[in-house]
Structure formats: structure tokens, C-alpha cells
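Here is what TrEMBL records for this protein:
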DOMAIN    7-188  domain 'Ketoreductase'
BINDING   ASN92, TYR157, SER158, ALA159, SER160, LYS161, ILE190  NADP(+) binding site
ACT_SITE  TYR157  active site, proton acceptor
Amino acid sequence: MNDSSSRVVVITGGSKGIGRTIALRFAHEKARIVILHYDVDESASESTLKMLSQRGIGAESHKVDVSSFAAVEGIFKDILSRFQRIDVLINNAGITKDTLLMRMTEADWDAVININLKSVFNCTQNVIRSMVKQRGGKIVNISSVVGQIGNAGQANYSASKAGIMGFTKTVAREVAARGINVNAVAPGFIDTDMTAVLPEKIKETFIQQIPLGRFGQPEDVAETVYWLCSDAASYITGQVIHVSGGMYM
Ligand code: NAP
């Protein structure tokens, strides 16, 4: 079971996919894990909590729209009042609303920017004072290779992921002297619900753009995230680590 010396790890979008796999990776060190997710259907987050409990981890999940500053402020106040600290923040929640720019609505743009990018501000802003006070912390933001190279049909998504890269580097500079590491991980195409909706033909086209010739697994991303949060990576900050099978070099 966890004890009060275990790290407190908050993972947005931890109910499934990459976020769930990151949570399971932190279970190896018996971290105290808090998952934020938003779907009204609680079955994914319940499955994640069950998997963590089978590994002896007493985790919790909360239904919070991370694009709402007020909602995020409320949950972070609650977590900090109960645990007294947050050691690791993984900004992972994200959505896509893909369509060509000519067809993209203002609502498609706003939803993706708010959930993917504004959420990173909301969560980081609400955790940073406590990390500064405790003179340490790890923040990893999940970006995407398309934030660097672009992708037709993803103007909103690639802008949000490029924004995360700039945010990461700036905050890394602001808090480095306080012993806080802020990095981003940029996955390529990873096998999750997000990519499961792609037609097979499109997937085949994408695979041709991947030097390693296959989609990645959530574990590929989770290992990198976990390493960035370990002492082994304590001299790394403000970086964007690509986990994309070589799509970006
Ligand atoms: P996923 O399986 O669709 O999971 C997305 C997660 O985000 C879910 O836990 C979802 O929870 C949560 N979420 C969505 N909207 C939210 C909101 N408003 N508030 C709180 N939580 C919210 O996607 P994934 O593939 O694991 O993606 C995880 C991250 O990796 C995303 O940032 C994505 O952009 C990035 N990424 C993925 C790929 C890929 O190929 N899969 C590639 C590059 C980057 P609910 O369902 O409960 O709302």
C-alpha cells in the first residue's frame, strides 16, 4: 500500500489510453495517484482504479473538465489540502476534432485549444506555487509530433500541441532555480482510442511516414514520461522528447 512518503502524482486524462498506462507505470513505485477525467461514462476510470488497486495502489479519480480554470482550481485546492503536496503533474488530457481548415468551425477550434492547451495552463498554474514552496517537482506535458511537423486536417490540434512546446520551455526557465523540471513528450501515432477511429487506409498512409514502420504503444510513451520524472533525468528541463518511431528527427 501507499504511505505518506510516496510521491503524489496527478495525471489528467488518466482514465484510459496513454494516461492510464502512465498511471500503471507509476504504480511500480507505489505512488499515490490522482486521475482527472471528464467523460460521464465512469467505466474507463473505474477500470483504471481497479487495475491500480490490483497492484496495491490506493488511487482516486475525479470527473473534472480540465479546460475550466475554476474546476481545476477547486480540485487542486482539494488535493493539496488532503495530501499537502503534489510531486508530479502529467498534463495528458487531450482530444481531436479533425477537419480541413476551410471546414473547421470556431467551436472545433475552441474545444481543442481549451482542452489540449488551456488545460495545461490551468493545471500548471494551480500546482506551481506548491512545487516552488517544496523546492521540487516534475511536470511533463504531452504534446505531439504534429506540433512540430503539422498534419493536414489538424490545424487546431497541431496549434495546441505546438503551444504546449512553447509553454513548456518558458515555464521550465521560470522555475528551474526552484528544482522543478518541466518537459514535454511528443508522441507520434500511438495505439489508443484516439487513433482507433482512423480508417485502415489512412493508418497505412501514416505507417509509411514512420521510419520504424509501426504505430507506437502507450507503454513507449509511459516509459519516457516515467524516466523524465525520475532522478536519472534530473538534469533535463525544457526539452521536448519525441516518441514517434523517428517521424521527427
Ligand atoms: P484517449 O485514449 O482518447 O484519452 C484521452 C484522455 O483525456 C481520456 O482520459 C479523457 O477522459 C481525457 N479528457 C478528454 N477531455 C477531457 C476534459 N475536458 N477534461 C479532463 N479529461 C479529459 O487519448 P490518448 O491517445 O491516450 O491521448 C493522450 C494524450 O496523448 C493526448 O493529449 C493526445 O493528444 C496525446 N497524443 C496521442 C497520440 C496518439 O496517437 N494516441 C499521439 C500524440 C499525442 P474522459 O474520456 O473521461 O473524458
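Including glycine, each Cβ sits where the backbone N, Cα and C put it.
Sequence-distant contacts of ILE190 (NADP(+) binding site), defined by Cβ-Cβ distance under 8 angstroms and a gap of at least six in the same chain, are GLY17, ILE18, PHE215, GLY216, GLN217, PRO218, ASP220, VAL221. Applying an 8 A CB threshold to same-chain residues 6+ apart, the list for SER160 (NADP(+) binding site) reads GLY94, VAL112, ILE113, ASN116, LEU117, GLY147.
Filtering ASN92, TYR157, ALA159, SER160, LYS161, ILE190 by Cβ distance to ligand 1 (under 6 A) retains the following binding-site residues: ASN92, ILE190. Confidence for the domain 'Ketoreductase' (7-188), expressed as mean pLDDT, is 97. ILE190 (NADP(+) binding site) carries a strand DSSP state (E or B). Across the residues annotated as binding NADP(+) (ASN92, TYR157, SER158, ALA159, SER160, LYS161, ILE190), the widest Cα-Cα separation comes to 19 Å.
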